[in-house]
Amino acid sequence: MAEGCMMALRYGMVFFNLLFWLGGCGILGVGVWLSVTQGNFATLSSSLPSLSAANLLIAVGTIIMVIGCLGCVGAVKESRPLLLTFFILLLLIFFLEILSIMLFYIYQDEIDHYAQRDLKKGLQLFGTEGNVGLTNAWMIVQTDFRCCGVTNHTDWFEVYNTTRVPDSCCLEYSDNCGLDNPGTWWTAPCYERVKDWLNENLVALWIFALCTALTQILGLVFSMTMFCQAVKVETFYA
């Protein structure tokens, strides 16, 4: 009976971590593809230039792959050290996620203020050498969200030292349209537009977060149960 339970746990753990590992491979692959084809895509922060979509996906994908590999090998070999390491790492990530969410809601106003200030500093790097990722990111954000600047279109006046905006701010795109009359530009603030979009998709974000949390809890239960079973079996045969 104990052997049958152990076998079922092993297969369940291997299947779970194989999916976990494949998910990490997929995320890593997308990150590498973005890095190769788009450079530092979606880099908006001037103080954290390495915090791009590509680098973030590569880091997350690598971490998921390593953890999934640990759990898979630990299950196949019934290795208590590997199972315990898998459990501790997954538990640490789980607590860090909860802590991050709590801190975000507690310091939401401060984060808003810092983010807007940092994004405005980042505008100064728009179109400059070595900042292709930031430039592309702002062009995509302003075009897709039909907005201009961080808090309003006048943010760009400080960048150009004149009354003009990037061409991606124009209602109808054309070369040098950012030099035309302000009536031809988007006036909505990008920061608020992105926040509104996130609020509109809040249910989907919470569902994703819940699914992620349930997956992690399932991994914690599987690994600890298998670890305890391995201890019992070793004690029984000792």
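From the backbone N, Cα and C atoms, a Cβ is placed for every residue, glycine too.
Automatic, uncurated: that is what TrEMBL annotation is.
Annotated disulfide bond per TrEMBL: CYS148-CYS169, in sequence order. The Cβ of CYS169 (disulfide bond) lies under 8 Å from the Cβ of GLN142, CYS148, GLY149, HIS153, TRP156, GLY178, TRP185, TRP186, each on the same chain and at least six residues away in sequence.
Positions annotated as transmembrane segment by TrEMBL: 12-36 (among others).
Annotation comment: TrEMBL describes 56-76 (among others) as transmembrane segment.
Among the features that TrEMBL reports, transmembrane segment is placed at 83-107 (among others).
Within the same chain, residues 9, 12-13, 16-17, 20, 71, 86-87, 90-91, 93-94, 97 sit at least 6 positions outside the transmembrane segment (203-222) and bring their C-beta atoms closer than 8 Å to a C-beta of that stretch. If you look up TrEMBL, you'll see 203-222 (among others) marked as transmembrane segment.
Packing around CYS148 (disulfide bond) is summarised by its Cβ count: 27 other Cβ atoms lie within 10 angstroms of its Cβ, all protein chains included. Counting residues 6+ beyond its ends, the transmembrane segment (83-107) has Cβ neighbours under 8 Å at 17, 63, 67, 70-71, 74-75, 212-213, 216-217, 219-220, 223-224, 226-227, 230 in the same chain.
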